[in-house]
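I have placed the structure first, in the form of structure tokens, so that the comments after it can refer back to it.
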Ligand SMILES: CC(=O)N[C@H]1[C@@H](OP(=O)(O)OP(=O)(O)OC[C@H]2O[C@@H](n3ccc(=O)[nH]c3=O)[C@H](O)[C@@H]2O)O[C@H](CO)[C@@H](O)[C@@H]1O
Ligand SMILES: C=C(OP(=O)(O)O)C(=O)O
């Protein structure tokens, strides 16, 4: 298993290209199941989760080819995937694949809507809470799907197709909104999704579906209207920039100081995180090329943060922000409201000398003067990158183990940081 070795203490300076968003690329790839024609996706990041989803879709009979960007082309440009779901040969998504990644469960909506049946294993994903799928299933039931659970599988049937419905989510769910949106796009008649997630990745999916011929309005607000169509066509769509990757490198720069341009990043995708970083002492400038982050001389100020659905502070940046706060000049409180068990980084950050007290959904962080390198264990995707951020600031060597978590969601992480002056390398074991 690979490890990442960091020797901390160097500021970051230079340019970091921001990749396409993992959490948009995955539902967009799944949307390819909705049409017999070719869906071409540009700016798809090269990530383990994307490769795993290629395998899962391949298992259904979907043909995926990678086009363009070869020798001599810009190695930093995302890949272009051509997704051809003309022939769906199998509507089962097996446990050994789905258990590894949460988003793979989302094939259930498109398969049911287009094929009238789906048998999909209950999902896995980051171990950050219980993460049930009841909202997904309730939405599919509202659209007329018959749903059973059998031996760890969701068995969904709609022999006569789905019908439009009013879907009211009891709580904001990104994944369940994706499921409802994709299923309702091919349902007969009108649907309304209330208390829909407003995340930019929902808007990206809706925009792609509209290019495919879907009739959708209101994506990006809490109420989405869908007028179902009998079939969707092929389209070409570029994945939006990754706001979580953007926020992560912004926090890394705020942590160690320096001057970094996050090229291709879009500030409108993470206003709340940028405002928080400014409050913490980072200088943030939005330019034509992206977002420039600087911290020169000034210390890190403590800031309290509570995670919330978009446009609030994202839970996927909570661990990274906590890493930053470990070196703030005072006490900060970080409250996690989305997932009940998303504090696994706390004990690992403590191994580097952080002082964090956990009480229910709130972590109180007492900033310390210095962190000291140590071996640490990645536990989930964002938790592991928080250890990288802390390691960049820690004195001496930090060795991050279980790097496969990082590879799920950060493209060429060590290369991007090393180019900006960080002493970081991957040790292949
Ligand atoms: C691949 C992807 O895009 N993953 C993101 C997605 O995950 P994901 O879509 O799984 O997260 P949700 O928005 O669905 O989860 C929000 C909350 O709703 C609960 N819930 C959800 C569905 C359900 O059927 N029942 C239920 O109770 C969850 O346990 C959680 O407490 O949104 C999360 C919240 O922004 C992010 O942290 C993840 O990075
Ligand atoms: C939690 C995440 O991913 P997943 O939903 O796939 O577990 C994430 O991207 O931070």
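Indices start at 1 and increase along the chain as displayed.
Cβ from N, Cα, C; glycine included.
The active site, proton donor annotation in TrEMBL covers 126.
The phosphoenolpyruvate binding site annotation in TrEMBL covers 22, 23. Take the CB of residue 22 (phosphoenolpyruvate binding site) and look out to 10 A: across all protein chains shown you find 26 other CB atoms. For the recorded site, residue 22 (phosphoenolpyruvate binding site), the DSSP three-state label reads helix.
Taken from TrEMBL, the feature UDP-N-acetyl-alpha-D-glucosamine binding site covers 102, 171, 172, 173, 174, 316, 338. Other Cβ atoms within 10 Å of the Cβ of residue 173 (UDP-N-acetyl-alpha-D-glucosamine binding site) number 22 in total over all chains.
Annotation comment: TrEMBL describes 8-417 as domain 'Enolpyruvate transferase'.
Taken from TrEMBL, the feature 2-(S-cysteinyl)pyruvic acid O-phosphothioketal covers 126.
When Cβ neighbours within 10 Å are tallied across all protein chains shown, the highest count among the binding-site residues 23, 102, 171, 172 belongs to 23.
Counting every protein chain shown, 25 other Cβ atoms lie within 10 Å of the Cβ of residue 316 (UDP-N-acetyl-alpha-D-glucosamine binding site). Secondary structure at residue 316 (UDP-N-acetyl-alpha-D-glucosamine binding site), taken from DSSP and collapsed to helix, strand or coil, is helix. Around residue 174 (UDP-N-acetyl-alpha-D-glucosamine binding site), the C-beta neighbours below 8 angstroms that are at least 6 residues distant in the chain are 23, 197, 199, 201, 202, 309.
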